Amino acid sequence: MRASLLAGLVALATGSAAAPTLRSSSPYAVKERHAVPPSWSVVGEAAKSHVLDLQIGLKQSNRDVLEQHVIEVSDPGHARYGQHLSAEEVNALVAPAEDTLHLVTKWLREHGIADPQLSPAKDWIHVAIPVAKAEELLNTTYSHFKHVDGSDIVRTAEWSLPEHLHEHVDVIQPTTSFFKTSRQSNDIAPDDSERWWQPMPPQYHVCNLSAICNASFTTLECIRTLYGTIDYVPQAPEKNAIGVTDYLGETQNRSDIEIYLNDFRPEAAGIAYKFPITLINGAVDQQTRLNATELAARGLIVEGDLDGELVIGISWPTTFMSWATGGSPPYNPDLATPTNTNEPYLEWLTYVLANSSLPQVISTSYGDDEQTVPYSYAKRVCDGFMQLGARGISVLFSSGDAGVGSNGTCFSNTDPTKEMFLPAFPASCPWVTAVGGTKDFQPEVAVSRFGSGAGFSNYFGRPAYQTAAVEGYFAKIGNLYAGLYNTTGRGYPDVAAQGNHDVIVWAGNVTTVGGTSASSPTFAAVIALVNDALIARGRPALGFLNPWIYGGAYKALNDIISGSSIGCNSSGFPAEVGWDAVTGYGTPNFGKLVGAAFHTGVPWTEWSK
């Protein structure tokens, strides 16, 4: 069955390819322009010797066919639900036409680039070239830009291609993307006291939630109790896996992980020095013990530790791994080798898409304003997440910590006089599950110390799976903030989890941290345990979650009906009964989610009794 399916997909992909054209040259014309965000400014010319890791995204084949596959295998009401595609099958579908590959590689050869690196699907070409060569290749001029936070990149506001290549190339980066992988965590608050927490005995797990959970610090025991995973024993940890992504020099400090697990999940402490950390694009696995001041001086905060500690703490002994991707070191105008001033999401995404074996769940806690990247970049990255969904991988992103936009920044890049809410990316991608933040416990409410990322995309239309949910929300809020957001855009977040005062260990000390950076790994870890229950009984992992959630599994979530997202000098989108644009459908209830996973297709009234 799988062999015949693969053969059919290959035939479909190759059958759509056109014969190579004889046309080999044409005048250059601008392919893309993108307004420079106001937070970035030019400080000078880019050094001609500065090396760029140029990534050329070729036009893929059969995108509509792939989308149909993803929807079918992710829709609980479809006969093909759970029949995920392999990496080879996905590659066969998206492989570009022979004409496309022929023309683009010929163009590169004409510019002296003879041996470009191709992705397994041949839809990405990677070349490391100096700025001078990139300017010649793209008929553009690169500049050295500086962000208001002091970070540097090399970019351009527009780039060109020979006209006959426009239809064959979707995206080339780094060029016009000013995407900055901002961490979605804040409010680090080290505690100087000695072991101020007191683990509660097992008999308190159900009846004394108020004794376990404290509004000032949310411990691992509180999270596991609140979301119902504390008494679950994973049954197929060797067949099930979860991974997290790190950027900006972050990774998991193994000594911090060990301290955290010894204190909060002692039976799991042995994993601290065993789980793999995969390094991509020059990332460094920094394991030297530094104090908080030294780490902050290097721009390293808590992200790696936060993600690793929560995921392992909740999902152990499920297999855990992480990726660390280089992406934004200080600009060095004299560097003569490939640098990391490139596009970390593309670096990570093309790396994982090239691997046939991946964790069933992946969580990421980084993002930026959607308008900082050109549409071509956002779409191609989003399509990459769709490819992962086709393979049965659940991709979760934190929704952001600026609510509907940071105060004082809520204006259009192209028209500085136009006020608007600022959706976040990649949370706005319809092929990921975006996770908002909550606080308190009985009941939970939308977090208010920071703005839980919320809103509607200006790039991606509303997907069919959430039409009823979003229209129901609009019926409740009426004309609130009319004109400040796109009413036809993809709404997010989809779900939520605790993200207020999560207790972690960082730089050897117990610390609390807030942000949706805590929410995404928490929800992801719960999903990993749901997958464990499925896999142990011979069933496939959940895969792309959203059709399942919006199709009925939302009834297994704890609906959040109080609070709002704040931002843009407003109170932001309010929480409401049902789906809302601040907490989505709510927070996880593990027992009910397992029930929803096992009773797919059966009316809620028959299995929720």
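Cβ atoms are placed via backbone N, Cα and C, with glycine included.
Per TrEMBL, the feature signal peptide maps to 1-18. Taken from TrEMBL, the feature domain 'Peptidase S53' applies to 217-600. The active site, charge relay system feature in TrEMBL is assigned to Glu303, Asp307, Ser517. The Ca(2+) binding site feature in TrEMBL is assigned to Asp559, Ile560, Gly578, Asp580.
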Recorded positions clustered about Glu303 (active site, charge relay system) [Cα within 10 Å; pool: Ser517, Asp559, Ile560, Gly578, Asp580]: Ser517
Mean of the pLDDT scores, which run from 0 to 100, over the domain 'Peptidase S53' (217-600): 90
Asp559 (Ca(2+) binding site) to Asp307 (active site, charge relay system) - Cα separation in whole Å: 24
In the chain carrying Asp580 (Ca(2+) binding site), residues 6 or more apart in sequence that have Cβ under 8 angstroms from it: Tyr473, Ile560, Phe573, Pro574
Residues within 8 Å of the Asp559, Ile560, Gly578, Asp580 Cβ centre (excluding the Ca(2+) site residues themselves): Ile561, Ala575, Glu576, Val577, Trp579, Thr583, Gly584, Tyr585, Gly586
Alpha-carbon spacing, Ser517 (active site, charge relay system) to Asp307 (active site, charge relay system), which is rounded to whole Å: 7
Neighbourhood of Asp307 (active site, charge relay system) by C-beta distance under 8 A, where only residues 6 or more apart in the same chain count: Val244, Asp246, Gln252, Ser322, Ser363, Ser365, Ser517, Pro521
Sparsest-packed of the listed recorded positions (Glu303, Asp559) - C-beta count within 10 angstroms: Asp559
Ser517 (active site, charge relay system) CB neighbourhood, other CB atoms within 10 A: 31
